[in-house]
Each structure stands twice: as C-alpha cells, then as structure tokens.
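Participant: Feature table excerpt (Swiss-Prot):
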BINDING   Asp445, Asp451, Glu454, Glu455  Mg(2+) binding site
DOMAIN    39-150  domain 'tRNA-binding'
DOMAIN    391-467  domain 'B5'
DOMAIN    682-773  domain 'FDX-ACB'
Amino acid sequence: MIITKSWLNDWLELEEISSDKIAKTLNSIGIEVDRVGALKAPDKVVVGYVKEKIKHENSDKLSICQVDIGSETLQIVCGAANVDAGQFVAVATKGAIMSNGMEIKEAKLRGVDSCGMLCSSLELGFEKINEGIMLLDESIGKLELGRPLNTYEIFNDELIEVELTPNRGDCLSIYGIARDLAAALNLNLKEPKPFKESENVLGIGRILRLAAEKELNGLYNYRAIGLKEEIQTNLLLSLRLAQIEGLGKNSIENLLNYATHSTGVLFNAYDLSSFSEKDEEFTINLSKQVHGETKVSYKDKLLSFSGIFQNNESRCKDDSKIIIIEANYTDPLVIADAKIYHKDQDEKMLYRSFRGSEPKLNLGMDFLLGIFEQIPNLVIYSSSQQILTDKELPIIPISIEGISDIIGQNVDKDEVLKILKKLGFELILSGEGLINVKAPLHRPDIKNLSDICEEVVRIIGIDNIASKGLEFIEKNRLNSAYKNYIEFLNLRKRAVASGYFESLHYVLDNGEELKRLGFDSVKLKLINPITAELNTLRTTLLNHLLNAASLNAKNSKKIIKLFELGAVFNVNNQELNRIAFIHSGLKEEAKISNKAKPESVQFYDFLLDIKNIIGDFKLKSSKYNILSPYEQADIYLSDIKVGFIGRLHLKIENERDLPKTYICELDLDLIRQDFKIAKPYSKFPAITRDLSVLIPKGFEYNQIKNCIEELNLEILENFRLVDIYSDENLKEFYSITISFSFRDINKTLEDNQVNECMDKILNTLKNLGLDLR
C-alpha cells in the first residue's frame with residue numbers, strides 16, 4: 001500500500017508534522033512502514049510556457065521551441081512528439097542535475113542552439129505518465145512562469161509504503177490510513193463535502209431503474225454521468241496513479257481507480273449505450289447467488305459479480321456518452337466463500353473486497369462526483385439509486401476495568417471512549433459500568449473484548465504501556481486426598497530405594513501383645529472380633545512389623561528390612577497416620593568387601609536410612625520400655641517431636657526370636673514438608689577446620705550443637721561430628737572431633753575471617769566448660 005504525504009494532506013492537516021513522525025506513528029499503531037522516500041523534482045527546473053514551435057530544418061523529429069520562463073525566453077530544441085505552442089511545460093535550465101545524473105548545459109542540436117530541456121515525468125525522477133514531455137496544468141496549483149517546480153507540493157513530496165496484515169482491509173486507502181492517524185495524532189479528519197445537486201438537470205430515474213432481490217449481502221449506490229466529449233486525466237491524478245501503478249489509458253477507469261485508492265470504496269462504471277437501445281430505460285437486476293454473492297445484470301447480459309469481477313463488455317470506452325457509476329460493498333466473508341466458484345476474477349478488485357472494502361458508499365461517491373464536477377462538458381444526473389441493507393452489527397459489552405486487566409495497567413475511561421469514537425465505533429453507555437460497543441462495518445475483524453483492547457493499545461502506543469510480567473494464576477485443583485497420595489507415594493519410593501520392603505497388615509491387632517510392648521489400648525473394644533489375635537484396633541504399626549520380621553527370621557532371612565505406612569488409633573479412637581521401619585539382622589549381604597562376614601546392623605546405619613527417607617532431623621534422649629535404654633532417642637523436626645527410634649529391647653528380641661533389631665515409628669502428619677527451601681550455590685571454595693574437644697561421659701552433643709547454631713555465623717556453611725574416641729588415659733571423658741566448613745556466597749574467604757569465627761566457637765565451648773584435647 002503506497003501513500004504520499006501530500007495525498008494524506010487531502011484528509012488531514014499534516015503540514016506541521018514530519019514524515020518521520022508519520023512513519024513512527026504508523027509503526028506504533030500496527031501499520032508497518034516498509035520504506036519512506038523523497039519525491040522531489042531537481043533544482044533549476046521551472047514552469048515554462050511554449051510561445052512558439054517551429055520544425056527543425058535538419059531533422060524530421062526535432063522542433064525548435066521558444067519557451068517563456070518569466071525572466072527570459074529560452075530557445076530549446078525538443079524531440080517530443082506531443083510538444084506544441086500554448087502548453088505549460090517543465091523546463092530544466094542550465095545547471096540542473098537530472099534524476100539520471102545528467103547536467104543540463106547549453107548545446108547545439110543539428111546546428112541550432114538549445115538552452116535547456118523540456119522534461120518528461122520520468123526524467124524528473126517520477127513515474128512515467130505519458131509519451132513525450134509532461135504537460136502542466138493547474139491541478140497541481142497556480143502556474144507561475146519561472147516558479148521552481150519543486151515548490152509545488154506534488155513535486156516536493158514524500159512517499160510512504162506500508163505493509164498491511166490481511167485483517168486490515170480498512171487501511172487499503174488513503175482515507176483508511178488517515179482515519180487511524182487522526183485517532184493516534186488527535187487530529188480532525190477532513191471528509192469530502194456532500195455533493196450539491198445542480199438544478200435543471202435530468203434525474204437518474206429517467207434512464208435507470210433497479211430491480212433487486214431482498215436481503216442482498218451488500219450495499220449499492222448508483223449515479224449517472226453524461227459525457228459530451230472524451231475527458232482527460234489531469235496531471236495531479238496522473239502522477240498519483242502512476243505512483244501506485246494504477247494509471248491506465250481509459251480516463252474513466254483512471255478516475256475510478258483514483259477514487260478507490262483515496263476512499264477505499266469499490267467502483268464499477270457501466271457503458272449504458274453498450275447494452276440498451278436509444279431512449280430505452282436501463283434496468284439493472286441484482287440477484288443473490290447460491291454462495292451469497294450478488295450478480296449484477298441487464299436483461300440476460302452479465303455486468304459484474306460484486307467484489308469479484310466486471311464483465312469487460314460492460315466497461316466504459318473513450319467514446320462512451322452515458323455511464324452508470326456503481327459504488328458497492330460486499331461482506332468479505334461472502335467474497336471468501338464465493339470467489340473459488342468463479343473462474344473469471346479481477347485480482348485487484350478481489351484484493352480489496354476479500355479483505356473488506358470501505359462501506360461508506362456515499363463518502364466515496366461524493367469524492368468521485370467532486371472530481372467529475374471539475375471536468376467541463378459533463379453532466380451529472382441528479383439524485384441516486386441506492387440499495388442499503390441494515391446489517392445487524394454484534395454488540396460487544398466492555399468495561400474499563402476489563403480493558404485495564406487485559407492491558408496490564410489502568411486506562412482512563414474518557415481516553416478509551418475518545419479513541420473508540422475516533423476509530424468509528426458506536427458506543428452505548430449502560431448501567432453497572434458497562435459499555436456496549438458496536439464495531440464499525442469496515443472492521444469485520446473486531447469480534448470481542450480482546451480485539452477492542454488491541455485497538456486501544458494501538459492508539460495509546462505499545463511503548464506507552466508499562467512492561468509487566470504476564471501472571472498466570474491457575475486454580476489449585478488438587479484435593480487433600482491426592483496430596484496425601486503423592487506424599488505417601490514419595491515416602492514409599494524413598495524407603496524402597498533404601499532397601500526396605502513394604503509390609504501390609506490389618507488395622508486390627510492383638511491387644512495382649514500391644515500391652516506387653518507398652519502401648520495403650522483403645523477405649524472402645526470390638527464387640528465381635530474376627531479372631532482372638534485381632535481383637536482390637538492397633539495403636540502402633542510396630543507389633544505387626546515385629547511379627548513379620550520374626551517370621552522372616554525363622555525362614556532363615558539374614559537381612560530383614562521392612563516398613564509399613566498406614567492408620568493407627570489412639571486411646572480415644574482417633575485415627576492417625578503413621579509410618580514405621582524395622583531393620584533386623586545383618587547390615588548387608590556377604591560379599592568380597594566384607595570378606596563374606598557382614599556385620600550386624602548398627603544404630604548409625606539405621607539412622608542414615610531414616611535420614612535418607614525423611615530428611616535431616618535432630619535426636620533427643622528418650623525413655624521407652626520397648627527400646628534398649630542405651631540406644632534410643634526421640635526424633636525432632638523443627639523442634640517438633642515426630643516419633644522415636646532405637647534398638648529393640650533385648651528381652652523382646654529374645655521373646656520374638658529376633659537377631660539384633662532396630663525400629664522407628666513416625667507421625668506422618670508431622671513429617672510432611674509443604675515447602676522447599678532453595679538456596680543458591682556458591683561458586684567460591686570452602687575452608688574447613690577441625691576441633692577435637694574433651695567432653696564428660698553423659699554430656700549431650702546437642703548442647704554443643706545448639707550453642708554453635710545460636711552464634712548465627714554467616715559464613716559457617718555446616719558442621720558435623722566426625723569422630724568419637726575414648727581410652728584409659730581419658731578416664732571419664734570422650735574426645736570428639738567436629739568438622740567445620742566455611743564459605744561465602746559472594747567472595748573467597750580469607751584466613752582471618754575463618755579464624756575470627758573459630759575464636760567465637762572456642763569461647764562458646766569454654767562457656768560450656770569444655771576444653772580442647
């Protein structure tokens with residue numbers, strides 16, 4: 001789509017606005033500018049008048065012209081066949097540099113002095129409009145002899161070529177582009193004045209009648225023109241049409257092409273004399289076809305299919321005397337469906353109608369008649385014949401809040417309404433903050449709130465919308481049952497990965513066995529138990545696991561690692577979720593690394609398994625009758641007791657015929673982790689330090705751990721107990737070794753920083769009464 005600034009000036013006041021700003025504005029409102037170029041005549045090319053023309057004595061094709069340029073009369077030898085006395089022409093004077101780089105100099109042509117050149121449009125750097133030289137007329141402005149040609153707007157213009165998306169058929173005209181620019185630049189759109197009918201002229205009803213079916217998928221407006229002589233296309237229209245490759249040999253077709261490119265309205269011109277007899281009334285039949293398109297015909301002769309093609313036999317000719325001008329609009333969806341069924345197609349017409357031509361037929365017709373009105377020896381028949389169907393436009397309810405939510409920032413209501421009105425939308429204010437919007441007929445692509453938001457953003461400017469991350473808020477569709485399933489499944493997977501087999505048992509248990517293990521019974525007893533061994537609801541998972549382990553041991557299993565996840569009941573018959581583990585027998589299978597003599601499971605081994613399954617935890621001393629008094633502890637997560645762990649009491653091991661056995665039971669509801677704590681990794685190296693400390697026997701390591709943690713040393717990454725040592729020389733003391741790791745997230749640590757932290761740790765240990773070994 002090609003436009004020029006001067007052409008836009010016909011619709012908008014753009015004298016004070018640069019082409020660069022116009023291009024930037026078009027880009028910002030979604031009309032992509034491909035290129036901007038200057039259209040300027042060379043300097044030292046002026047308006048001249050051919051006073052006299054005589055034939056060159058020594059040439060059949062050359063003429064000697066006396067050309068008045070105001071300040072002087074130049075003798076110019078010209079070879080153009082169309083030059084003649086009485087013409088206004090473009091004269092390149094001495095020193096002018098033409099578009100091809102040629103400099104005009106005084107010269108002799110076949111022995112005759114020539115002091116300049118009469119120019120064609122092509123020689124001036126414009127598109128070719130005719131054979132020979134370019135003849136000037138006052139369509140470009142008042143002709144003044146000697147006036148530089150590039151002081152006329154058409155010869156000092158700027159061309160802008162834009163690329164349009166298929167949905168923007170409304171911008172396939174100067175008027176359509178100007179309409180969007182008016183909204184973006186807050187300018188008033190200049191529309192053509194309504195055509196004023198002349199008095200004492202025949203009405204169109206004398207020569208034309210319409211016969212139309214109801215419910216046509218289009219709009220139609222007809223006018224009649226009487227021609228007394230062949231008309232010519234003026235210079236302004238010729239230059240503009242040549243720029244858009246729309247200049248032809250037929251002047252009527254040229255005027256229609258110009259009006260279409262200017263307004264977007266589609267036109268057809270029918271030669272009345274080609275079909276009807278003299279003094280016969282011309283009846284145009286409009287009929288709706290099977291695919292929705294409209295057939296325009298006269299008797300049995302096809303004139304056109306609206307928006308698809310026009311029959312060549314119906315077109316106007318240079319000698320046409322009466323022509324019927326048809327302005328038409330067809331729903332682009334109808335064109336899209338129907339065009340594939342027509343072998344004959346007008347590609348230029350289809351390009352517009354398929355995307356949506358301008359439906360304001362009166363605007364286009366008034367514009368065209370305004371051009372015809374300036375042509376002498378021409379009669380415009382009064383009145384018009386029209387077929388206007390009321391198409392019900394869809395109503396789109398919108399709210400300013402809804403628009404603001406989609407755009408991502410608050411927008412002013414008055415600004416939104418102003419933009420939509422400028423773009424031709426019909427607005428109906430309703431209650432509760434809603435606005436009912438009807439998209440104009442020239443915007444069939446506007447169908448919902450999002451489309452309207454896009455229009456608002458286009459005009460406001462995407463660069464004026466604050467950047468904001470798109471936030472997706474999805475409703476949580478996971479219920480508690482599914483969450484429990486996933487959490488329990490993950491626990492099972494980790495337990496299996498640690499070598500444990502899952503065991504499943506009834507929720508019923510043996511009340512006597514539970515009592516011997518030290519577990520309370522539920523208050524409510526079973527009235528009719530299945531068996532004597534299953535006579536109560538279980539209060540722990542461990543009894544079943546011990547029985548299962550005992551059975552496995554009796555079947556010569558050397559490594560017994562079992563777990564069970566399920567429900568238990570407290571003394572008040574409330575259901576609780578628990579998970580229990582048991583590791584009985586050997587630590588591992590016999591293999592080369594242990595010389596086929598694997599050790600029995602140790603407390604530390606069992607603790608590592610539980611850590612791998614539930615994560616880090618703390619231990620505190622405990623007292624359970626079911627456990628060995630020397631190897632047992634309560635398990636804490638975030639200072640909350642979640643269960644216990646330890647070695648099964650030797651007495652119970654013997655009663656159940658079990659080898660060395662460790663057990664653990666945890667409250668599932670307390671070990672859940674509803675969130676993950678993520679920390680960045682440091683790319684800098686760690687520095688380690690070890691301390692060996694003497695502690696009295698019976699002194700809890702947790703006291704040391706808690707005191708060090710309370711120091712809140714920023715660079716202390718972690719610390720752990722790595723060794724416990726005792727011998728006769730230490731008597732009532734143990735020697736423990738603690739390893740400390742220091743690291744900074746932002747830089748490499750220096751020794752003095754680490755030493756400072758170690759001094760604080762040593763002072764803390766001294767406050768506990770502990771000394772270095």
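Keep in mind that glycine also has a Cβ here, set from the backbone N, Cα and C atoms.
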Participant: Can you name every residue in this chain, apart from Asp445, Asp451, Glu454, Glu455, with its Cβ inside 8 Å of the center of the Cβ atoms of the recorded Mg(2+) site?
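Facilitator: For the Mg(2+) site, the extra neighbours are Arg443, Ile446, Ser450, Ile452, Cys453.
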Participant: Let me spell it out: for each of the binding-site residues (Asp445, Asp451, Glu454, Glu455), count the other Cβ atoms within 10 Å of that residue's Cβ, using every protein chain shown. Which one has the most?
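Facilitator: Counting every other Cβ within 10 Å of each candidate, the maximum falls on Glu455.
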Participant: Looking only at the domain 'FDX-ACB' (682-773), report the model's average pLDDT.
Facilitator: 91
Participant: How does the domain 'FDX-ACB' (682-773) divide up by DSSP, counting helix, then strand, then coil residues?
Facilitator: 30 helix, 32 strand, 30 coil
Participant: Helix, strand, coil: count each for the residues of the domain 'B5' (391-467), based on DSSP.
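Facilitator: Split into helix, strand and coil, the domain 'B5' (391-467) gives 33 helix, 14 strand, 30 coil.
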